[in-house]
Amino acid sequence: MSLSVNNFFNAVVGVMRITRAYVTFTDLINTRTNSDGGTGDTSTLDMGSRSSLHTGLHMSEDEHWEMNYHEAAIYLEEGLNNEKFDSHPSSPEELPAYLRVHNPWYHGLDLLASLVLIMLAFTEDPAVPAFELPVWAHGTIELMALTVIGVELHLKLKWIGWSTILKHKRTMIKGITLLIMVLEAVVVLCRQSSHFRVTRALRPIFLVDTRHCGGVRRFIRQILQSLPPIIDMLGLLMFFVATYSLLGYYLFSEHIDNGHFQTISDSFVSMFVLLTTANFPDVMMPSYAKSKWYALFFILYIITVLYVLMNLMLAVVYETFTRIEREKCRALLLHRRRAARHAFRLLVSRRAPRHVRLRHFAGLMRHYAPHYSGLDVYLMFKQLNHSDTGGLSSSEFANLYEVFALRWCPQQSRAPWYSASALEPLGRAAAAAVRWPYFEYLIYALIIGNGISMVLRVCEAAGDLQDSARLLCASWDTWLFLTLFLLEAGLRIMAMGLAAYLESGWNVFDLSVTLLALMGAVLLSIAPKLFIVVIFRPLRLMRLYKLKKRYRDVFGTLVLLSPLMSSAGCVMLVMYYFFAIVGMELFATYDLRNCCVNTTVEDFYKFSLNSSTPLGYYYLNNFENIVTSGVTLFELTVVNNWFILMNAYATVAGQFSRMYFMVFYLFTMVVLTIVVASVLEAFRFRIQYKRSTTKRDEEKLLHEEVHTNWEEAQRLGASGDLAEELRPYLPPGVDVTFIGSRPRTKEVLQRRMYQSDIQKWLAEEDENEGMPPSTTLTSSEDPLSPPLIHQPETESNSQLQTGYQL
């Protein structure tokens with residue numbers, strides 16, 4: 001959940017943008033609404049559309065344009081964040097509340113309040129002993145956190161209104177949960193004692209709804225969208241479990257020494273547990289001792305439910321997940337296209353009703369991305385502009401989101417970083433060494449030698465663990481290989497430059513593990529008992545996996561999956577928190593020591609103050625606080641001997657407590673099945689992409705070239721501050737080439753893989769909106785470039801939309 005350096009930079013930039021916009025436009029609104037006369041007549045203004053944010057305000061033309069730029073930027077942000085347009089501010093009175101809620105500092109405060117609410121589980125009864133707080137303390141903290149969240153809902157209500165909020169399910173659920181929790185917190189403070197508060201399990205709702213957890217919300221949405229086929233398969237699965245339970249009852253209930261089938265409920269529980277294989281072959285052996293033919297019953301059951309139906313469920317979920325991924329890509333593409341369309345209508349003028357000029361594009365970027373330089377803005381405009389009209393058409397402007405990720409540099413700056421510097425001789429020597437054909441083979445030989453050295457050190461006899469750890473990670477050979485690896489990193493950095501060196505994930509990995517191993521050797525020399533650092537030196541051996549293509553595909557898939565896996569991990573933590581709170585409310589008061597006398601799990605819970613048997617430590621798996629509850633739930637996730645814990649609580653708390661454990665297993669099975677399906681989909685996507693794309697094709701996909709000069713910039717309308725920023729980079733009379741590089745993300749690769757689908761989606765969208773058929777162009781001569789949709793100019797789309805209200 002922590003912010004990276006880039007995220008922190010973006011947050012700071014966002015704070016500057018929102019704060020400046022809020023101050024400027026709040027003052028503007030207050031000033032203009034209090035001015036004399038002024039009905040806001042814009043009949044003489046050179047605008048194609050009016051922003052709804054200055055309705056009724058008397059402003060100059062420049063101020064009207066600033067309002068248009070600001071609202072257009074809001075539309076683009078809503079498209080980027082996939083926010084619905086029904087929450088768009090539609091009047092000057094709604095803008096201050098909108099800006100407050102969308103302030104990055106408030107996003108951070110909202111996230112902090114949500115995390116504080118979740119962390120209160122460590123301090124509330126039953127609390128972790130080290131973090132326990134009195135009731136008045138954690139109750140007051142809870143109310144303060146809920147107040148922060150309540151302020152956000154109040155501000156949303158001010159600009160969205162009840163009619164829209166009632167249609168927004170997530171906001172309604174959040175509001176109802178907030179009301180319940182406020183009432184419960186007040187009751188706890190009044191009574192000065194906690195009560196049965198299972199609703200605490202709903203606290204993650206506030207965390208999931210924060211701006212920083214958008215990926216978690218998308219993953220939860222995918223789970224919900226995948227539920228119909230999963231429920232269908234679970235229904236079929238439970239049918240077979242119930243059928244075999246009934247048959248097992250009639251076959252084995254008379255076997256006195258087989259206590260798993262004495263009643264119908266015992267039979268169902270046993271067959272449900274057998275679905276996870278946790279009680280196999282124990283459940284079979286008493287009957288198997290009577291007749292070997294009884295083994296057929298259990299073998300057929302496991303084959304049917306485990307190897308057929310469970311794998312069939314995975315196949316169904318995989319197909320559904322793949323379809324959802326494609327649909328998600330389509331929905332996001334069309335949503336951003338609609339956002340760009342809304343913004344386009346606010347940026348055209350009467351003199352150019354079908355094109356956005358550079359001046360207005362630069363005004364938009366001042367509000368949307370003020371951290372971009374004038375050169376960045378001009379190059380983005382030039383990259384989008386493929387016509388000779390001097391402005392961006394609607395179809396060109398619709399591709400705005402694709403150029404935001406480009407980072408520009410002059411072509412001549414792609415020369416070696418050490419050119420014309422005092423370090424040029426060293427840089428050339430390092431570059432020659434790195435380009436040596438046998439350099440990589442030499443590095444791999446060093447890595448293999450490092451591995452052989454470690455094996456010999458492990459096999460070498462040592463007096464105790466401290467001497468063994470020192471020989472493995474702090475001996476002379478360790479320092480030798482670490483020095484050689486640091487020398488290798490230094491050569492690469494000198495040859496490529498630090499920025500280019502860090503662009504490679506493998507280089508970052510090599511440098512990181514080398515520095516960690518160096519730190520481990522130093523720490524082990526200082527603190528000989530710090531055995532945990534022995535893990536660092538072997539990590540460098542992972543570089544050998546790069547030699548085999550299959551491993552490269554696996555690591556590449558992991559990189560693509562890292563955002564999804566982080567979201568899946570957050571969903572698992574949310575699910576654990578939910579069931580941990582419910583488990584503590586239900587089972588925290590039960591002591592499992594010596595709890596299950598005369599039951600099949602008695603031996604697992606035998607306890608004495610003098611000693612316990614190896615099996616007797618199962619009493620530690622309980623719900624006495626949030627930490628032990630999390631460990632217990634993880635053991636249930638692994639499903640090894642999970643029925644032992646379930647049977648223990650069934651003995652002390654009643655047979656209906658089994659429902660808790662069964663429902664938890666079904667939830668984890670659903671989430672983990674979707675995680676497996678996402679891994680399969682990502683791996684299939686990467687393999688198909690690799691097969692259909694060469695290295696040269698990928699290089700073209702990730703880079704764009706823009707050729708321009710000072711005269712062209714003036715012709716396109718560069719003037720004022722923008723012209724002054726461009727002048728150092730565009731000498732008069734000289735053609736300059738700039739290279740734009742975009743990161744290699746899954747979204748970029750999807751545009752390559754779904755190219756034909758994207759054309760069809762855009763054509764269908766045009767047809768649904770009654771627009772003329774589109775013709776497909778490309779953003780450059782590269783056939784792999786994302787498609788641009790060019791709309792023929794007709795009288796219908798050339799008419800001015802004066803007085804247009806968004």
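Each residue, glycine too, has its Cβ placed from N, Cα and C.
What TrEMBL lists as compositional bias 'Polar residues' is 773-782 (among others).
Feature annotation from TrEMBL assigns compositional bias 'Polar residues' to 794-806 (among others).
Per-residue confidence over the domain 'Ion transport' (133-327) averages out at a pLDDT of 87. If you look up TrEMBL, you'll see 133-327 (among others) marked as domain 'Ion transport'.
The domain 'Ion transport' feature in TrEMBL is assigned to 436-683 (among others).
Feature annotation from TrEMBL assigns region 'Disordered' to 763-806.
According to TrEMBL, the feature transmembrane segment maps to 233-252 (among others). If one looks beyond the transmembrane segment (233-252) by at least 6 residues along the same chain, the residues whose Cβ comes under 8 Å of a Cβ in the stretch are 258, 260-261, 263-264, 267-268, 270-272, 275, 286-287, 294, 297, 301, 304-305, 309-310, 312-313, 316, 666.
If you look up TrEMBL, you'll see 264-281 (among others) marked as transmembrane segment.
Annotation comment: TrEMBL describes 293-318 (among others) as transmembrane segment. The list of residues near the transmembrane segment (293-318) in space but at least 6 beyond its ends in sequence, with Cβ under 8 angstroms from a Cβ of it, reads 226, 229-230, 232-234, 236-237, 240-241, 244, 247-248, 251-252, 271, 274-275, 277, 280-281, 283-284, 287, 673-674, 676-677, 680-681.
If you look up TrEMBL, you'll see 479-502 (among others) marked as transmembrane segment.
Annotated transmembrane segment per TrEMBL: 514-536 (among others), in sequence order. For the transmembrane segment (514-536), the list of distant contacts is 465-466, 469-470, 472-474, 478-479, 482, 485-486, 489: same-chain residues at least six beyond its ends, Cβ to Cβ under 8 Å.
Feature annotation from TrEMBL assigns transmembrane segment to 557-579 (among others).
The feature transmembrane segment is assigned by TrEMBL to 659-683 (among others).
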Beyond the flanks of the transmembrane segment (557-579) by 6 or more, those residues with Cβ under 8 Å of it: 1, 118, 121, 201-204, 207-208, 213, 215-216, 218-220, 223, 505, 626, 629-630, 633-634, 660, 664, 667-668, 671, 674-675, 678-679, 682-683, 685-686, 746, 749
